[in-house]
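TrEMBL has this to say about the protein:
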{"type": "ACT_SITE", "residues": "Lys136", "note": "active site"}
{"type": "DOMAIN", "residues": "5-100", "note": "domain '6-phosphogluconate dehydrogenase NADP-binding'"}
{"type": "DOMAIN", "residues": "130-249", "note": "domain '3-hydroxyisobutyrate dehydrogenase-like NAD-binding'"}
Amino acid sequence: MPTSAKSENLKASHPDKSIEIKTSAKDVVSSCDIVFSMLSTPEASAAVFDDAANGTLAGVSSSSVIIDCATLAESDMKRMSDQVTAKGGTFLEAPVSGSKGSQAVFDDATVQAALDAMGKASHYFGEEVGKATRAKLVVNSLMGTMMAAFGESLALAESLDLDGSKMLEVISQGAIASPMFALKGPKMLKKDHAPNFPLCHAHKDMKLAVDAAKSVGTEYSVTQMAEETFRKAREDEELKVANEDFSAVFEKIHKESKSDYSKKRKLG
């Protein structure tokens, strides 16, 4: 759905709120003291931020507070921060962790009331722009690695003729219990990958995490293997799961498997 249509629907569904729709990022920034931005990729973020005529930066003044909630490269955040502060504005880096519902906010500044409205918790990582992004990449790299391992384990269980639902029950009662497993597992068994966090975004974040690990020289072989699995799923033109939930990596795992169960599942 086009963004303009989403805006109109949001306004219509909240008639008791004072919602104004603007036609450009510049107009939004010029009209508001605090502006939240959360775009899906570094390219999308740069396109909106840098547009000389109608972009975010074009509307920044000394009273502007720009809060960016996207998961981008650290260099992207630092560049935007430098440009906003050069115009006298304030830039806050506050990527969020979560999907629909409750979210946690990783922030490096103190517009606390606005941050409280965005998520159930906020975590302060200091004044240096980039640290909140690092924290978010750690979280998302772990989440992606967990999902890839979870998918392989579920595929193994099914291929060993074990009841998937029963295995989820066992997993939920042990030390490895996870809210993510409990939420995604039943849907994965039913091939239900309606997107909350699209697979293409998960892969983007894992690639950024791999790049971060390379930059500081830490070991990242497990993360890299998971990132490669997500990349292959994203690029698979037959599966077409790039815009499905990141749990759809499970379909790629089954597709690459040679077990009798996986072969039957592909035909089902």
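Each residue, glycine too, has its Cβ placed from N, Cα and C.
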Work out, from DSSP, the number of helix, strand and coil residues along the domain '3-hydroxyisobutyrate dehydrogenase-like NAD-binding' (130-249).
86 helix, 2 strand, 32 coil
Could you count the residues of the domain '6-phosphogluconate dehydrogenase NADP-binding' (5-100) that DSSP puts in helix, in strand and in coil?
41 helix, 14 strand, 41 coil
Neighbour count (Cβ, 10 Å) for Lys136 (active site):
26
Arithmetic mean of per-residue pLDDT over the domain '6-phosphogluconate dehydrogenase NADP-binding' (5-100):
92
